[in-house]
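Trainee: Quick one: the structure is below, questions incoming.
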Amino acid sequence: MSGGWERLKGSRSRTTRDSSFHTPAPSRTVTLGRVQPQAPGHRTIYCNDREANLPVRFKGNSISTTKYNFLTFLPKGLFEQFRRVANCYFLLISILSMTPISPVNPVTNVVPLSLVLLVSLIKEAFEDWKRFQNDMVINNTLIDVLQNEKWVALPWKKLQVGDIIRSFCRGAFCHLLVIGPDFLTEFLMLLCHLIVSTFSNSNFAAICYHLSFIGKIEFGNVKKDGFFPADLLFLASTNADGTANLDGETNLKIRKALERTWDYLTPDKATEFKGEMQCEQPNNSLYTFTGNLIFQKQTLPLSPNQILLRGCSLRNTEYIVGAVIFTGHETKTTLAKGNESMGILNMGKVMMNSMNVPSKRSTLERKLDKLILALFATLFIMCLIGAIGSGIFINRKYYYLSLDKAVATEFNPGNRFAVAALTLFTLITLYSTIIPISLYVSIEMIKFIQSTQFINKDLHMYHAETNTPALARTSNLNEELGQVEYIFSDKTGTLTRNLMEFFKCSIGGEVYGSGVTETELGGAQRNGIKVQEVRKSSTAIHEKGFNFDDHRIMRGAWRNEPNFDACKEFFRCLAICHTVLPEGDESPEKITYQAASPDEAALVTAAKNFGFFFYRRTPTMIHVRESHVEKMGKIQDVAYEILNVLEFNSTRKRQSVVCRYPNGRLVLYCKGADTVIYERLAGGNDDLKKVTRAHLEQFGSAGLRTLCLAYRDLSPDTYESWNEKFIQAKSSLRDREKKLDEVAELVERDLILIGSTAIEDKLQEGVPACIETLFRAGIKVWVLTGDKMETAINIAYACNLINNDMKQFIISSETEAIREVEDRGDQVEIARFIKEEVKKELKKCLEEAQHYLRTVSGPKLSLVIDGKCLMYALDPTLRVMLLNLSLNCHSVVCCRVSPLQKAQVTSLVKKGARKITLSIGDGANDVSMIQAAHIGVGISGLEGMQAVMASDFAIAQFRFLTDLLLVHGRWSYLRICKVITYFFYKNLTFTLTQFWFTFQTGFSGQRFYDDWFQSLYNVIFTALPVIIVGLFDKDVSASLSKKYPELYKEGIRNVFFKWRVVITWAWSSVYQSLVFYHFVTISSAGGKNSSGKIFGLWDISTMAFTCVVITVNLRLLMMCNSITRWHYISVGGSILAWFLFIFVYSLLRENVFFVIFVLMSTIYFYLSALLVPVVALLGDFIYQGIQRCFFPYDYQIIQEIHRHEPDDNTRAGLLEVGSQLTPQEERSYALSQLPRELSKHTGFAFDSPGYESFFAAQLGVYAPQKAWDVARRASMKSKPKTPKRN
């Protein structure tokens, strides 16, 4: 064999190596939803031959997700910080302060900026250390590699393309255990990280890494599901079929080895394996793969069924043997476990498929930029006034200034323009405090704590059944949650549970199955019809995936039906046409089915209960235990040979299997969407087609999900001819998917209709109430689904999205006129005709909608449109008309839409209407919609975690949107608005006092305050209270926020951050600054100290600064809706910090030497400290009183209504909810806080879920116990159990 291999390798090596070597490496920047453009050609891999692969220089398997190393940390980190305009501004101010024209000491500007930068850089370094820590854990994990005819344990990072490896389902791993926190050790580890990142290929790096863990490790063994270290070609396994699940996905994916490689399991046998693999270049498409294996002079086509992706875990088999295809950063999988915007990142996106989630900024943040620009304009105007005044004021008549002699340019009366220009720069430095240096840092800190401590730990959004808490994957958009006006929702798995149950079916024109769905019950209740409960018969069976009752076809009774043969074909189609894998004992009671979707598992479960029990699968056979086929009561095991599988995808919308019966019969079974199956039916049987279509509409009206089943008998000659084309298409390296679809079309025709299935997907708990609450809050909900129009409409009725009082506009392509044109087959004519029809309908509906809107008591409007019509309605010529109609509707339902159309509709409202949008979904087909909206919410359901991984927030149930938006979103919006406006107020107030002083100094740029007063004003004396407001201020409680959802409309209207509000605060600043300056200066004019001296500049400015600090901190208390002990501590602490500072500082600084002691020895100080703040705050007190009494906000009215009710503190509310849980719920939640095997989410604070957290846990990456958990348990012990809230 080796000789043949050498000859084969020699004949191919030159061309393949050259083409591979000169192929440029693909870019790592990818766009989600698109396959990354790859270099032309293919790569050639020699399996089990490192020397042959050496010239190609494939990438190694070591991964690095760090942003910095020892050399790049400072320059790159500073570059990141100075991308912010505010930091660039303060850098410019610091530079100006070093020039002779600056009136302030440069240190006072440099130190605050340095402090802000230092904090940000420390945060960046800590995040990068977490990334590096996980990188080292992953890269040093051991895997068995075939070397010298034996398995050798090597670290992941030493794997090479072409290596043969063995991966266990369960294995023992050595791990590190962090015993306790140690600041010095963490610092040393961080330093080691930077060194290791710099010298990553040296032995010195390995030594540093080893030393970084000295004194902190123990060794132990942990057994856990194994993960694949690279993208592998599946060669062999101890089980004929292997299954793998992508991290976070709940549905197993079946993978099969090629028949020719099944027996390469042992080291001796695997050593003999020599093959040449020709495959696609690395790309980010998870579900496609094109390649061929040239083995023993045969070309074997490779498909995604033979590929095991890095990070997938192994199930159902002891171990597998595979060949490495892609390594390191060239692997397909995306197993990102972090989010940079959250501030803490454990595991960056390390693979080719790393989701490039769009960088999102909140609307409020963009408006903040405009406010900053307004402050810049104000600063320029103030400086311009001072500069002009300086040019006018400067004159030789002021002889005491000695201006008639040689003076500096900035004071030369002979050059007034130069005087004005230099004064302009002087004043820019002097008034620099008008821009708050700590604003962005404070807001980031507030948002981060809101996310990690309030949203993530809210037990009202914790789902005990699936053990899933809420998760804020970004902290950038907290306040955006309080301004959402449009919600775009998927249906299946989002509004419904995605727990499919086989409910009804149609076989040979006869409907089977009794019972009433939730949708039918809701419709009956709306119409005032009382529905009697249907009694279950003795043959009824209800298990997971099957809720069916009809004695006519249960327990073999189908043999007595007139359509006996149709029933048999129907049940066999269910049992054979699938990719389900059985697990457990081969008995109907104990077996479990692992399927790629809940629908498929439900259909196989139905076949089992009908007597066609699928119990075993091999790569080429399906074993079915059939009952009652030959005669009643007879059971026989039948093995069906699976010849070809034509898999389901979103384009084909169908799945087919070609199988051979034991008697040699060749049959193609096909199941799929009704529109697809009907197009491929043979002629004749028109009555059956018509009756079945009516049944499909009946099932759809009941809210059921439908599929059509059909079959076709194949002759051996027909099959052999088609199979040759299939093999050729399957072996193609170019356009393989397209060619396979074309070949499938050749055989998936002339089908014979068997019947249809109807599966119920029940609504999630609380969905109707949630949608009703959102409507009351002024939020419009749109449903974008791929289901049929009838199903979508009935689900919309069931969840209160549509009701009978609404005027419905329905735009459908299922009209007689459109069908007639489609029957003619002219595609150009079809497109033109449908577009005209859609245009007419849109125009008609829009005119009617405008008529209803002009009436006083017109009905609410709703729009239902299908995907085909939507495609034309989104045309640029009709888009505006569609948008105007949609915005006038209370609710919109788009059915039969593709993932792209979901994103297009979302973008239409986002960009066209400029409204704040939120998209929510649970599946991979919702990712584009989630990323297109302002806010993306992923539901951790049964369709995998791709939606969660692409989202900004993750919840377990749709109903949790109520808490996420009406409570956390609204509170965050109110708090951030207050933080921004307060920063604006306090900085403008402080700067204006300096501005008024300029008029009395001849516009010379003389400073009023000491340099350090000015520098520490933002950083220390007023910093903490505003953060406390941003965290704890609350206008009404969470329960009242949900009881009165209309309060949310204030956020939609942006009531608290309008220019009117900003101007009000500005007038307050002007008034207070005038009070501070003139009251203090005028009252001190005749004042004297104890030694008889009049007060000087520094005495007056110190007194004025004392009044400013006291007043702005007390003003903060006046703006609070709820005051906690933290408010008192922060405000009192800030004022106290000022006095402590000035006591010490006045002993050290010459210009203010002993000034505070001199001031405090006079009655003037105490009267001013008492009366000036009172007078300054009097205007605000009067304004707030008038506003609350005569022009109250909505929340103030609610406050008055419930003013006598006890208020629940935000934090206490979070903690005390634990005492309202059952013991089982408490235990489930406690477990959810511990390191888990496979997390439901990604990027959760310090937790590193998924396969990285597994390895981190093995190496003991410390996850400290949350302090609030301890507090919660303490509160549970000390407080009696309270009844649950409604």
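Cβ coordinates are placed from backbone N, Cα and C, and glycine is handled just like the others.
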Trainee: Looking at 195-214, 1095-1114, I want to know which stretch TrEMBL calls transmembrane segment.
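Mentor: That would be 1095-1114, per the transmembrane segment entry in TrEMBL.
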Trainee: In whole Å, note down how far the CA of D922 (Mg(2+) binding site) lies from the CA of T492 (ATP binding site).
Mentor: 8
Trainee: For D490, D922, D926, listed as binding-site residues, tell me which one has the smallest number of other Cβ atoms within 10 Å.
Mentor: D490
Trainee: Using all protein chains in view, find how many other C-beta atoms are within 10 Å of the C-beta of G786 (ATP binding site).
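Mentor: Its Cβ shell of radius 10 Å holds 23 other Cβ atoms.
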Trainee: Are there any residues in the same chain, six or more apart in sequence, whose C-beta is under 8 angstroms from the C-beta of R705 (ATP binding site), and if so which?
Mentor: T492, M500, D599, A758, I759, E760, D761, D787, T791
Trainee: With every protein chain in view, how many other Cβ atoms are within 10 Å of the Cβ of N925 (ATP binding site)?
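Mentor: A count of 21.
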Trainee: From the binding-site residues D490, F648, G786, R896, pick the residue whose C-alpha lies nearest to the C-alpha of D922 (Mg(2+) binding site).
Mentor: D490
